[in-house]
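**Student:** One structure follows; several queries about it will come next.
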């Protein structure tokens, strides 16, 4: 038994296949018994009229039959039922029944029975308004003391086409069409202001005074009402309106004494409370779909209580906007009323759309259950200890067999092996057949997947670096059993006018591995990597003698025959001695490798700095493989310098200028788009004007602006393609710089990884974050931490919190100085490590450092000994002092 569940006091199922709606329920002393007990009147769309009087003495034996006073089958569907004083010269209550084309007023009378069958009730027709007066299909009705007349109630019916028809007892008064009508809405009468309230199709609440409706000129049809201003009649307009913004389900005007002057409107998503003049009092946003509501009397002055039913089978009690109670119902109520029944006052009567009538109350019944006494006995500690050990054993086994998360020491679920073919495809699968007269080759990659357990939803994804492409990048595999294997193949090729920055590709395998606790499978991911051959992007060529850029790599072993290392390129070369080898990139420059006959040096030269990267990387890797096969363990390679920073900065400047151009194109496109829309608005205003006016060359200006927008969009798209190409070339240059730095200072693989992550923090540019600002922030962090000149600078860096927001810089001067300073610090023995930050002791005088002015900037010293200028925003906090090295140079 739940406290928050409506207690069923009496219920009944009304017929089979009948439908009910909001106006099909009303309560009142319809038989004028004088006892103050209400009767429940229910009408259905099938034309069945029922009257009930539930009694506590009739709940157990007779049920619905004893509580039902009357059941009459009427000829037409019942839209709405109301109880009021509808007969002139009579203070008795009568029943008004609204049909689609008829309004009937009945009297309900009861006769005491002389036998055990009980009382007899009869339904007598007093008067009706048939099709002669009710010429339009009715939608709903309301009643009240229209015009301030007391002693009896008048009726107002709203038709489906927007006409309000007024009836005063058995006579028809007048009819008025509502202005701007489309669909009928709820209708209610406010006796305090003698006005009618409805919600129009414009989703606004409208108020019409009875006096305004009465004095308006009559109209026989809606067309006549629209022509009233032309013929001299008075057009009907609302006295006030309030925009709801949604369709209303119901309107209610509480008339009990304790309620304030309020108008309550139930919307589809909100509950509105307004004053009589249309001003909002409060609004409550509902978190559910409401179905009906009913205000009732409150014990607290100035507040309004209401019952609100929703489609979640809940009946909620609100006091203004505060939820006071919530009760669960066995139905979705479409109408709710409060009735005073015999022996129980304040019963909540609710009706569902399928005819479930329920009388309930809130709260709970007292429970007579008492807890039985427990026999007091001494605890058996040996038995408790044995049970504890047993439970702990179960817990350990469950923990040991827990396999929702993958175990690091468990056998892999599958293995993925990629094999790159040693021969190029014949014919080629490339989309571009040739570049500058050179055929574009392709190579086949076979991927073998072997499952060591059951796999489900397996998907294979292939990713290569642009401008490389593959014939198929997605593979969906069928469920695999233990020991099963699957093989897939694809071809990789060059698909652009520039060389890639990396010839490696990634294979990502996503799958689900079922477990005992999760039969559907735990999602897991496995990654593998493969390397494409150098012959995919270049062909052998004749060596070039005069080039712009040159790099020399030293070794500690005798010179090696280049044709033995690059066998796939030696068959077509003209050099028979193996001292020179040239690589012609399909979409790039020519790279020449020269081996010294007398020394242990190798020179790589080309007209493009970034195109040398792939050749230098391949040369170093093949040197390592060659001497490893010979068993030489002390093989070393080095680069004697100087570092080609100026050549590297050319790629940086080219990339930065394209980013600036992209931003300029974006700004120009925004300006031209604003101008284009402004011209469109002016032209539209000219075309809408009833008086023709000259266009004043606005059409020509529109065409010119349109052409400019198209031209700028094409230029921006072309700049975007160039920016992608420049970023790939920048990545190649950065990879080459990192490799030369590692050869120059003999960096370990971990130090090389830190340096590469610093200079290449992004894999691609985005409009929000670019390479320049990301690289500058990373390099500055290294200069302030592990590459700082003193532990004090490291502690200062750790004391600083946060930093400026990254954005496109004005130029690359600061970035170039920081990269040059980074190379200088590494050349002077600086160690690239992330562990140094944890070992730095922060001095006490800077532990509480808060203001940025107390932090000294990076002592940026270039290679020439000149001190770099600090950041512009920091100059007002820093007292510049020349370094000792600068003073010494000046004295000399």
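These residue numbers are counts, starting from 1, taken along the chain as shown.
From the backbone N, Cα and C atoms, a Cβ is placed for every residue, glycine too.
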**Student:** For the coiled coil entry in TrEMBL, name the matching range from 650-677, 678-705, 706-733, 734-761.
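**Tutor:** Spelled out, TrEMBL records coiled coil over residues 706-733, not the other listed ranges.
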**Student:** Per DSSP, how many helix, strand and coil residues does the domain 'PTHB1 hairpin' (642-745) have?
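**Tutor:** So the domain 'PTHB1 hairpin' (642-745) is made up of 92 helix, 0 strand, 12 coil.
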**Student:** The domain 'PTHB1 C-terminal helix bundle' (747-826): mean pLDDT?
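**Tutor:** Taking every residue of the domain 'PTHB1 C-terminal helix bundle' (747-826) together, the mean pLDDT is 81.
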**Student:** List the helix, strand and coil residue totals of the domain 'PTHB1 C-terminal helix bundle' (747-826) as derived from DSSP.
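**Tutor:** In the domain 'PTHB1 C-terminal helix bundle' (747-826), the DSSP-based counts are 48 helix, 0 strand, 32 coil.
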